[in-house]
2 protein chains.
Amino acid sequence: MAPAFVIHGDSARASGRFASVYSEVQSSRIDHALPLPSVLKNPFKIVDGTRSSAAGNPDEIAKLFPKLFGQPSAKLVPNDVDTLNSDQKLKIGVVLSGGQAPGGHNVISGIFDYLQDRAKGSILYGFKGGPAGIMKCKYVELNADYIYPYRNQGGFDMICSGRDKIETPEQFKQAEETAKKLDLDGLLVIGGDDSNTNACLLAEDFWVKGLKTRVMGCPKTIDGDLKSKEVPTSFGFDTACKIYSEMIGNVMIDARSTGKYYHFVRLMGRAASHITLECALQTHPNITIIGEEVAAKQLTLKNVTDYIVDIICKRSDLGYNYGVILVPEGLIDFIPEVQYLIAELNEILAHDVVDEDGLWKKKLTNQSLQLFEFLPPAIQEQLMLERDPHGNVQVAKIETEKMLIQMVETELEKRKQIGQYNCIFKGQSHFFGYEGRCGLPTNFDATYCYALGYGAGALLHSGKTGLISSVGNLGAPVAEWTVGGTALTSLMDVERRHGKFKPVIKKAMVELEGGPFKKFESLKNEWAINNRYISPGPIQFTGPGSDAISHTLRLELGAHA
Amino acid sequence: MAPAFVIHGDSARASGRFASVYSEVQSSRIDHALPLPSVLKNPFKIVDGTRSSAAGNPDEIAKLFPKLFGQPSAKLVPNDVDTLNSDQKLKIGVVLSGGQAPGGHNVISGIFDYLQDRAKGSILYGFKGGPAGIMKCKYVELNADYIYPYRNQGGFDMICSGRDKIETPEQFKQAEETAKKLDLDGLLVIGGDDSNTNACLLAEDFWVKGLKTRVMGCPKTIDGDLKSKEVPTSFGFDTACKIYSEMIGNVMIDARSTGKYYHFVRLMGRAASHITLECALQTHPNITIIGEEVAAKQLTLKNVTDYIVDIICKRSDLGYNYGVILVPEGLIDFIPEVQYLIAELNEILAHDVVDEDGLWKKKLTNQSLQLFEFLPPAIQEQLMLERDPHGNVQVAKIETEKMLIQMVETELEKRKQIGQYNCIFKGQSHFFGYEGRCGLPTNFDATYCYALGYGAGALLHSGKTGLISSVGNLGAPVAEWTVGGTALTSLMDVERRHGKFKPVIKKAMVELEGGPFKKFESLKNEWAINNRYISPGPIQFTGPGSDAISHTLRLELGAHA
């Protein structure tokens with residue numbers, strides 16, 4: 001029963017994970033065989049769909065992407081013979097952009113194996129540290145030994161990532177120079193909405209400038225907000241949600257066993273509440289706040305507090321003085337009144353003296369003043385003191401779960417005084433964020449990413465550019481998954497910034513009419529009052545549950561149960 | 001690939017987990033077959049060892065436990081025939097006491113199955129909500145259907161737990177009445193050091209009063225500080241440490257991938273630092289603070305801060321601007337100067353007015369004033385404001401990891417000004433506590449607990465009292481594990497409280513000369529500077545790594561690797 005470690009000698013050393021030791025589970029995952037969709041295992045041809053448009057303002061998108069706009073989707077379909085020249089030796093670059101998401105290493109393994117299998121003699125470059133690596137031409141040549149120890153492993157540490165963007169004309173020029181210097185046939189950008197927008201701009205730029213370098217994107221983000229009809233999910237969402245749900249499930253059993261705590265769990269996801277919704281569907285908490293619902297119903301912070309307090313009181317009548325509450329990281333960004341208050345504070349703090357006696361507060365509008373006074377002192381202080389380099393209030397630093405605990409506590413005290421509550425409320429706060437970004441990818445993320453990378457290889461090989469790798473039919477067995485690419489321009493809309501139209505891939509928010517939210521809505525009252533906790537347990541790589549897909553994906557694919 | 005749920009109808013309904021749904025992994029665990037040590041699968045007899053003494057002050061312990069003191073250990077050994085009367089119908093009570101620990105349900109399954117197998121027709125009562133259930137005679141009769149859905153499940157929610165103690169003569173009387181009313185032959189107390197002390201007092205009391213009720217203890221605590229030569233580990237420690245280590249491993253890969261954060265992770269364990277040490281051995285963090293080392297070396301908070309800052313500076317010279325630091329929850333309790341400061345503050349706050357100008361600070365000794373001024377303002381404030389009902393400063397509420405981040409930040413700022421550091425330090429704080437107390441028990445904890453419960457059944461059946469269930473030889477295959485009981489009095493020492501001797505089971509602290517700490521000490525400089533991170537990944541129930549025992553246990557059993 002002694003734990004054993006495997007030291008990956010030469011290959012690990014060559015790759016930077018030198019002399020690193022792996023846990024038994026990490027080791028066992030390295031050689032985990034990944035199934036490929038059938039279409040990738042046999043001869044295929046690439047078939048174009050119909051002309052595409054844009055997610056919004058197609059005329060503006062057409063102007064911004066004269067070469068790319070309107071491109072059809074591409075799909076790999078079985079064929080008697082292979083249509084791509086396997087003697088072609090390609091030079092391809094790959095880059096990881098933005099925050100970590102489990103599975104990134106498998107996208108790289110996927111495109112690497114594609115080149116080995118179908119374009120032997122090709123070269124794969126890994127740009128180091130994100131888009132900065134492209135601009136500075138910092139790269140490493142990826143070979144089998146280098147990649148081996150990262151197969152099915154979490155993290156982005158094979159080549160690391162970064163948050164830089166290629167934006168200015170000088171930066172585009174640097175990227176062009178790198179593409180020319182390395183004689184790149186293709187570039188795969190693995191990233192979220194911003195990074196894929198950037199990939200599309202690069203694809204257009206290279207085409208306009210007459211470079212041969214094709215550019216493709218790959219949908220990455222644990223937040224789950226980069227998706228469309230043809231891109232059913234972003235990778236990493238599955239693993240991150242399962243890690244968070246393991247923790248939530250454990251906390252639930254603890255809450256029920258102890259019977260005296262309300263656990264407030266803040267979950268990553270600043271823009272959209274997909275993670276919170278998925279974790280709710282996996283674990284059945286008593287209360288779940290979904291940012292998009294708060295925004296749609298124009299709820300105030302007081303409304304949200306009252307909603308929580310009402311349920312706590314009802315539960316206390318039933319003899320339950322405990323519970324679990326999920327809150328998305330970005331909650332307060334969804335509350336209009338908070339946005340107004342912050343804007344006013346930014347204005348006041350920039351121009352006025354904040355006096356101790358609080359005379360400055362007179363400059364707040366009535367609504368904002370009321371909200372400010374409603375906030376717990378610690379949060380008031382945080383709003384006044386924490387600033388970003390531009391002097392703005394840092395909403396991101398507010399620990400929403402702690403703020404809610406304090407507001408709920410205050411409100412329950414009032415209810416106690418009018419005889420509507422007579423328990424002792426004890427809140428415990430949790431934030432699950434970094435713990436989920438670099439976990440070992442689930443079987444789903446491992447397989448999905450491998451197909452995304454392998455498919456991207458095929459499309460770059462075929463000369464496609466400006467597409468995002470898309471693998472579909474994910475509810476079916478892997479063999480039946482579809483593989484192709486979707487025009488990045490078809491996901492785009494424009495935003496007006498500084499008087500100019502900027503292309504953006506619109507974040508996919510939680511749809512209040514969509515399957516996952518509808519399911520949640522139909523059950524939330526039941527979960528609130530009764531205890532329907534589910535503890536998903538730790539992610540398993542073999543045996544029961546090891547191949548499950550996320551509830552969000554399943555429900556979006558049309559399942560009703 | 002759709003997730004499936006199993007609804008445990010009748011049996012789950014009968015048990016209070018009614019209409020509850022289980023995740024696939026939870027379901028799969030229910031029917032997981034548990035191996036028993038060979039000695040429990042075949043006929044056995046019970047053999048006594050030599051007369052025992054006490055952990056300290058044997059004369060006082062002898063006075064406090066006239067009946068029990070000196071009892072030998074008992075050991076189950078194979079025999080041609082069974083020596084216990086299988087026709088005897090026993091009435092046994094079981095109680096869960098104190099904080100949750102993974103495996104408690106399996107102790108109950110174990111004793112239940114013993115009675116089914118070897119004393120058919122016996123009755124098992126579960127006292128509800130901890131020792132209060134004994135005093136108030138609140139119980140449930142446990143049958144196969146009731147127990148079934150809790151097999152191999154985390155939490156204590158089968159009968160719940162509580163922190164009450166049976167202390168006053170009235171309370172002992174209540175316990176006696178319950179024992180008589182239910183005609184109890186035996187009582188199994190599953191708990192930590194305090195609860196097992198209480199179990200011993202009950203055993204003595206029942207014996208003195210001429211009750212037939214035998215009492216046994218069972219070693220439970222995730223903190224790992226209830227152990228001795230014959231009780232190699234407390235249950236729950238294995239699972240909790242593996243859950244925390246999964247999270248730490250994920251954060252490590254994130255740190256390495258991102259390259260810009262120092263993650264400060266506070267881990268449960270107020271009294272002893274076993275959890276922190278075990279997690280360090282599992283994951284190889286850059287810095288680990290062990291409370292017992294801090295106490296032994298009489299380190300100050302400034303020493304600890306400097307130790308961390310020195311390593312951060314060294315790492316920055318090597319190009320590493322990231323890292324992971326583990327801190328035990330109870331760190332500041334180990335620092336003598338902090339204890340002095342708190343004592344002085346309690347005194348001042350009880351008797352003096354705290355003036356805004358800070359004149360009150362003159363009442364602090366020089367050393368305490370220096371420490372107070374060294375603390376970050378937020379911590380100063382917390383010390384002044386947060387009080388328990390007796391008006392004492394609440395050390396437990398201090399978020400040690402955040403305090404350290406602030407102190408490290410301040411110190412690094414100083415180093416920057418003298419040119420010894422020129423990076424940007426960003427700290428991220430984490431606290432892993434409740435997440436680990438109710439996880440699904442690992443294979444080790446599931447099997448170990450089952451044997452503890454099964455063995456306790458045999459010893460109660462044989463008429464033993466005042467023993468703690470002990471299962472040994474844990475480094476060998478389960479078949480070879482030894483089963484027996486150790487005299488609770490042999491674990492005891494006395495403490496003087498309010499002028500009287502009180503018996504206490506001494507907490508087992510991290511031994512600075514023990515195998516686990518020695519191993520850590522031999523590697524910590526290597527881990528500090530180089531990056532030797534290991535990511536254990538999620539607990540697996542089948543396949544590689546699923547049967548590993550903790551490093552602490554392995555090293556204490558004499559392994560050197």
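Each Cβ is built from the backbone N, Cα and C atoms, and glycine gets one as well.
The substrate site recorded in TrEMBL includes B:Thr221, B:Ile222, B:Asp223, B:Lys260, B:Tyr261, B:Met268, B:Gly269, B:Arg270, B:Tyr434, B:Glu435, B:Gly436, B:Arg437, and the single candidate from B:Glu167, B:Glu329, B:Glu495 that the record places there is B:Glu329. Contact annotation for chain A: of the listed recorded positions (B:Lys220, B:Glu329, B:Glu435, B:Arg437), B:Glu435, B:Arg437 place their CB atoms under 8 A from a CB atom of that chain. Annotation note: B:Lys220 (site 'Important for catalytic activity') sits in a strand segment as assigned by DSSP.
In three-state terms derived from DSSP, B:Arg437 (substrate binding site) belongs to a helical segment. For B:Tyr261 (substrate binding site), the same-chain residues 6+ apart in sequence whose C-beta sits under 8 angstroms from its C-beta are B:Asp254, B:Ala255, B:Tyr322, B:Lys426, B:Gly427, B:Gln428. Cα proximity to B:Asp193 (Mg(2+) binding site) (within 10 Å) is found for the following recorded positions from B:Lys220, B:Thr221, B:Asp223: B:Lys220, B:Thr221.
With all protein chains in the displayed structure included, the most crowded Cβ environment within 10 Å among the recorded positions B:Lys220, B:Arg437 is that of B:Lys220. Its Cβ taken as reference, B:Asp194 (site 'Important for catalytic activity and substrate specificity') is surrounded by 17 other Cβ atoms within 10 Å in the chains shown. Considering only the recorded positions B:Asp194, B:Thr221, B:Arg437, the residues lying within 10 A of B:Gly99 (diphosphate binding site) on a C-alpha to C-alpha basis are B:Thr221, B:Arg437. Applying an 8 A CB threshold to same-chain residues 6+ apart, the list for B:Gly269 (substrate binding site) reads B:Asp223, B:Gly224, B:Asp225, B:Ile275, B:Thr276, B:Pro328, B:Glu329, B:Gly330.
Counted within 10 Å of its Cβ, the other Cβ atoms near B:Asp193 (Mg(2+) binding site) come to 25, all protein chains included.
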